[in-house]
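Asker: Not my notes, these are from TrEMBL:
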type: ACT_SITE; residues: 133; note: active site, charge relay system
type: ACT_SITE; residues: 205; note: active site, charge relay system
type: ACT_SITE; residues: 522; note: active site, charge relay system
type: DOMAIN; residues: 25-101; note: domain 'Inhibitor I9'
type: DOMAIN; residues: 124-557; note: domain 'Peptidase S8/S53'
type: DOMAIN; residues: 622-721; note: domain 'Subtilisin-like protease fibronectin type-III'
type: SIGNAL; residues: 1-18; note: signal peptide
């Protein structure tokens, strides 16, 4: 009789008795092995438990016959070992507390349904997030409008789907921008007209991104039972407007600029960009901001009070690889979220091994005969209805006719690497491979094994941390500002997906799902867009720079700001940052006039006037919530920067400075204490960085914080980097 096992993952706990340590275990049993004399499973379980316990009265916590076949009980290690030899025993797991959870990234950045930022900000109600991407699947349940209010009175957007009824109070606009596409691909004219005239998403990327930012709640969402829970965007009651400017055939500057421009005219509050253009020209030379359409269009947006957030790129872990780093854009890196997807290999002797897996197919959770061969190429052997254990590649293993494979390899695979394999397979390191090979060889005629998939593990460490693919600063086109600005969840994020678009498989055997797990800074950027919408709802008069500052100064500090910016976003703190670093569009222009003397073209483009008129008040300082200083052979000597804090609290407050990190750097802050007597009052300070000798490494970093004198837990941070990095020519 086949049986199904469900394993629950969280953090195990143990109980210490007066004599020995015990733990709570879930014991999985084969119900078909119940002896005839027992009238029910519970009596069988109880008798089995009694037979292995000594010196105390055994107690079954729960008997399971549906969700799990077996029982849970308190056992010592020796009792557990004795139990493993009892008839019907299958396997065990430690008891792992389980609770209902969202698809995790909102929770991971500090959002809770009943308290804190979400209810205070009304879940982003009334704000509009504009997404420039590949379109959207309007019929998806993530875009239902239950709980949403009416459209903002200032909204001017349009719904350009074939049927306007596809828009609602959640999806309030959809537009298409394809003129650049057609100009660059004239052969496309007249072909697949509907595909190029509708905001419908034929790729999936835009649907995924939009739902991360502002998708409504959807219960029982999952990717083939991985990451199961309630899916929710960061601002679930915000409105969405989609601007389709990215196509399978390419993304063109003209379309992107037009989309951002239209979004501003329509009345969006936030623009989320999960795309980027190359910063290299045909000769391999770096291109300035003036030739970066996102930078140029984004400046026009922030002039109108629109917050712009963009992904930093997926070309890490190398320095100077970051894109979308204009000072007025919030640039986002991607990190992990403390969640892993696994399968479990259980040998017939009860020994289990976990392995990374996102295998989407069905696979019976039963014991199969297992065979070990040195090479996955088994020659003329046929291994039908068996699991093959071997050293080699998956195609060879599959060619044997085996039911599944266990590949012993030292190649480290992440979960996303396993999606492409439609053959059920476990990749096990050689460290554990010897035990598996030994078992399969020693019991060659009776050896069995079981493979289970679709396991989700919450709370894995270290997390959060920057993922390897996330691009690093400095930003080649404008290294004077520290980038990226912030880190957000980007690795294997579950979000909406067009149900007609395969998520895995082959043409012959495609797999479809309404949700998909994707990885990239494309997934990180909409998290921050959603957070910005929450802030905008509460602080409607705040500038884009004020919103950026609130996100940065309240972040969870992590290592190396050139990878993580100010740190990992913490949505639970962003509504009350205490102090902000505010900057006006004119402040950006004044800084550019001082720093970009060699490129008057940029000044002309973004100010729509000649540089002589725009640059009457050039400034060496930009009031940015981070600091970077270069100590290179031609940039020695002390570095002085000036910053201005604005009090956004009602009460009188004073703050004292605290410096952490920056080893080998002499840091002088003046003044060391600032006092505010009223809301919106400003106080300035200077930071002087001095290095008497070469830096200890290419990058030295730390934090300059202002700590509330009455509440030491309240801290306003500003990351600081001293570096000797020089961009390669």
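FYI, residue positions are counted from 1 along the chain as it appears here.
Heads up, the Cβ atoms here are built off N, Cα and C, so glycines get one too.
Let's see these features in context: how buried, what's close, how far.
Answerer: Sequence-distant neighbours of residue 133 (active site, charge relay system) (same chain, 6+ residues apart, CB-CB distance under 8 A): 201, 205, 206, 209, 210, 242, 243, 244, 245, 246, 274, 275.
Of all Cβ atoms in the protein chains displayed, 20 besides its own lie within 10 Å of the Cβ of residue 205 (active site, charge relay system).
Every protein chain considered, the tally of other Cβ atoms within 10 Å of the Cβ of residue 522 (active site, charge relay system) stands at 27.
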Asker: Summarise the domain 'Subtilisin-like protease fibronectin type-III' (622-721) as counts of helix, strand and coil residues per DSSP.
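Answerer: Counts, helix then strand then coil: 0 helix, 57 strand, 43 coil.
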Asker: What is the pLDDT of the domain 'Subtilisin-like protease fibronectin type-III' (622-721) when averaged and given as a whole number?
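Answerer: Across the domain 'Subtilisin-like protease fibronectin type-III' (622-721), the average pLDDT comes out at 93.
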